[in-house]
Every structure is written in C-alpha cells, then in structure tokens.
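Notes follow once the structure below has been shown.
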Amino acid sequence: MAVLPEPAVSDDVPQRVKDSSRRMFWIRSLLLRTRLDNDVCNQNYAGNGTDDDPYIVDYLHNDCQDAMSFSKRRKWAVAVLQSLSTFAVTFASSVYVSGIEGVMQRFDVSEEVATLGLSLFVLGFALGPLIWAPLSEVYGRKSIFVISYTAYTAFSVAATCASNITALLVLRFFASAFGSSSMTNVGGVIADMFSRAERGLATGLFVTAPFLGPALGPIAGGFLGETQGWRWILGLIAILGGVIWIATMLATRETYAPFILRRRAKALSRMTGSVYVSRLDAGQPPKTLSQELSVSFTRPWILLFREPIVLPTSLYISIVYGTLYMFFAGFPIVFQVARGWSQGTAGLPFVGVAIGVCLATLAAGVDNKRYVRLCAAAEAEGCAVEPEARLGTAMAGSIVLPIGLFLFAWTTYPSVHWIVPIIGAMFFSCGLVMVFISLMSYLVDSYVVYAASVLAANSVLRSLFGTAFPLFTTRMYENLGNQWASSIPAFLIRSKCNYASEAAKALEMMRRRHVVVIGGEPNGPETEAE
C-alpha cells in the first residue's frame, strides 16, 4: 500500500510528540475524533485497496485503542467508573422511597400515586436499553454514554424543582430512561476489555452495582428525608449523577472494537481514496446507516424470543428482581408500621440486604478463581471453557434465595426479634446476586459481540417486573398479611430455580442443531452442526 506522508512534525522530536499524543488522548476521545497516528497510517494492511479486494483494517500490535491492550489499572478504573454510573442510577430508584411520605403531603396525592415515582423510574430501565444498546453498537459505547448520562443528570436536577406531581413523575421517568444506558453499556464495556479468564470478577463488580445501589438508597434516604425533606433526596441523586458523569466522561475511552475499526477504516478511506474495510466487516455486504440501525434495534428482540437460553434466564432474573423492588414497599410496612420504627431507622434493615450483596460478590471472587483454573487447563489442552462453567453459583444461589425469603416472611411478627427477618433478607439478597452474577457472565460469554443487546433484552423484561411489583405490594400486604405476602415470591422463585440447569441443556442442544444469528437475522434454516 502507499505510505501516507508524515505529519508536519520536527524529525528530532518524534518520540516526544508520540508521548504527548498518548497523554492527550483523552481530549481527542472526549471530542469523539478518530485518531490516526503514524503507525495506523503507515501500516501494511492486507489487500489491494480496491472494491473487490479492500485493505483489511485490524488492530496493530499493542494498539492503544484496543481495549484488550489497556493496562490492568486502566481496565479496572474504567470498570469501576462504569459500575459507579450504574450504582448511581439504581440508587436513585430506591432512595426515592424514603421521600414518598413527603411527596404525598406536598402534592396531596395518595400513596399509590406517589409510588409511581418509583415504578415509572424502573419502567424507564425497561425502555431506555431498547434505544441505547442498539445505538452503542452503531455509534460506540462512549458517545452514547456521554449523551445519555448528560440528559440523566439534567432531568435529575429538574426533578428537584418539580412544582407538581405530574412534572415530578415525568422527569423521574425520563431521567431513568436516559440513565439506563449504563445498565447495558457496562456489560458490553467489560466484554470489550477483559478476556474470559478475567471477565468473571469484573462482571461481578458490574452486577453488584445494580443491587448495592437499591440496598443503600433507603438507608441514606431515610435519614436525609427525615431531617432535610424529600427535595434533598432528589438533590442527592442529581449531585451523585453529576460527579460520576464528569469523572466517567473525562477518564474513559471508547472500547467497542467494531465501531473503532469501522471508524478507522472510513477515515483511512477518506484520506487515501483507497478502499479500507474493518476486519469485522470483511466479506459482508456494505450496510447503510438505516440498515445498521434496523438490525441493531431488532436484535434484542430476536435474541430474547429466538435464543432458548435468553428467555428462561431473563424470566427467572425478572422474578427475583421484581421481588427486590417489592421489598422497597414491603420493608416500611414490616418495620415502620408493624414495629413502630421511625422513618430513618426503618431504612436500616437494608443493611442486611447490602451485606448479602457483598457476600455474593465475595463468593463470585472465589468462584472466579475456579474459573481461571479451568481456563488455564483448557488453554493447555488447546480448547476453550464452555459458558456453562459459569452456572455453578447460579445453581447454589437458586437454593439460598427462596430459603432467605421464607425465613424473612415467617419471622416478620413483632414478637420475633428484628434481627431474624433481616438475616432472611441477607440470605435473599446473597442468593439473588449469586444468581445474577452467574447468569450475566453466562450470557456475556455466550454472546460476546452482542453482549449489549442481550443485556438490553434481559433488562427490559426484569424492569417490567420491577415496575409492577411495587404497585401491588401495599394492597397485597394489607389483604394477605406480612407473612403470606412475603411468601408468594418465594413460591414463584422456587418453581423457577431449575432454569439455570435448563439453560445449560438448551445451549448444548443448540450446538447439536442450531440457528446462528448474524446481523439480526437467522443464517438460513436450521442445519446440523458439523
């Protein structure tokens, strides 16, 4: 290929210029510009640069834009910041519960109407990923995050100044719809940066955030609402979102390889007049932007309804996720109404939920060591570890989960010491997060490139359950009593706890007789696997 002319830089300082370029990369990334340094421009790419035989663009050796080549420090910094962005959004969902009484008094509305501030926020979790996950696969992870999280922060600020209940509910909904981009993007970013052997612990960090946030929300909100009022609860949401938005925008890079290589190929084509194609697009007919968007928007639904391992795992996760949000309406009834605790003190039982989340994260770390050993053994034999190796903790968690719920349900009597139902809640949250980490890792390993779409499909279903459960919780507790109302989710979860093993069997069947999804469409009729 023809060598491009060198940039106008003095020959006696090339290394200094390169070093400076690397230090200033975050500025270019912030401005979403395509970075074409000397090495990229002068690389000898395979091909002849014609329509029939284009140059094939791939990452260079130790390419600074290759997320897999990031240093461990940078990878974990990005993973932590992205997980914090998810934590902030899910924290915003539950911390609102502590201000419901103040909202009822300020706007003179019923408890059901005030609770819509929670349910509509969770509904935004269902609708947002349908937009942000597909767009991230066309426009990249970072640009979509910057745009959507900016809007999330703005709507959160506006909600603090809401003058009527309608404005508050609408602003809460839009805040979550935009903020939910982090809930699907983070899983994709982790898949972009970490190998299978490293991914388990990082996925555990990401999966912990959506549960630790809701667990800590009522604790912080209970005392803040009691002393400062409900508007300061919303103010805390806006402040936390703004800080994380700025930090993440400045410190993270684009990680999605198909977008980076496609953008690089287009830039090289414009500069040289030759034809460059991303390695990941080679051999495929070119697609217009509308075709790419159409495929990306339909892919989550295709994966949800046509892939037999996605629907059952998503349904199981949805039930336990809805149960978690039922706790936000049920805990005040159990501890504040039945036991007479104050608003701030009634939020403290969520410490048990938070401890359970942390215990599950530790269990995930221990299990990840087992998985790393499996990867090392498989690599020595020249093969790969199957995604089903992730399912061990899901099977264990599916047993712990209903046990915790039953323990919580039948120890809610005021005559029973308060620590016992909190221990039950701890077991529930521990089992919940064990299941969630395991199944999320399983889905990401099974659909690496389309991880964001898989997580979007999963997020839609579980968020719909999370939306519905709080709406009927109060009536259910009033009509059935604290014990039976708390037991119903346990019966549902126990009946579904074989889904983890069913998912493993389903994937094995797919290997024997499978449908390959490429570009959002099945690759022809079912054919026997070779």
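The backbone N, Cα and C atoms fix where each Cβ goes, glycine too.
Residues or ranges marked as domain 'Major facilitator superfamily (MFS) profile' by TrEMBL: 78-513. The transmembrane segment annotation in TrEMBL covers 76-97, 113-132, 144-167, 173-194, 201-224, 230-252, 309-335, 347-366, 391-410, 416-440, 447-472.
The list of residues near the transmembrane segment (144-167) in space but at least 6 beyond its ends in sequence, with Cβ under 8 angstroms from a Cβ of it, reads 85, 89, 92, 103, 107, 109, 113-114, 128, 132, 135-136, 174-176, 178-179, 181-182, 185, 231, 234-235, 237-238, 241-242, 244-245, 248-249, 252. Tertiary neighbourhood of the transmembrane segment (201-224): same-chain residues 75-76, 79-80, 82-84, 86-99, 183, 186-187, 190, 193-194, 232-233, 236, 324-325, 328, 331, 343-348, 350-351, 353-354, 357-358, 360-361, 364-365, 368, 429, 432-433, 436-437, 440-441, 444, selected by CB-CB distance under 8 Å and a gap of 6+ residues from either end. By the Cβ criterion (under 8 Å, sequence separation of 6 or more), the transmembrane segment (230-252) is not in contact with the transmembrane segment (416-440), since fewer than 3 such pairs are found.
Looking at 76-97, 309-335, 347-366, 391-410, the range that has the most CB pairs within less than 8 A of the transmembrane segment (173-194) turns out to be 76-97.
If you look at the transmembrane segment (347-366), the same-chain residues 6 or more away from its ends with a CB under 8 A from one of its CBs are 98, 200-201, 204-205, 207-208, 211-212, 215-223, 327, 331, 334-335, 393, 397, 404, 418, 421-423, 425-434, 437-438. Averaged across the domain 'Major facilitator superfamily (MFS) profile' (78-513), pLDDT for the predicted model comes to 81.
Outside the transmembrane segment (76-97) by six or more residues, the chain places 70, 117-118, 121-122, 125, 145, 149, 152, 156, 172, 175-176, 179-180, 182-183, 185-186, 189-190, 193-194, 202, 205-206, 208-218, 220-221, 233-234, 236-237, 240-241, 244-245, 247-248, 251-253, 255, 325, 328-329, 332 with a CB less than 8 A from a CB of the stretch.
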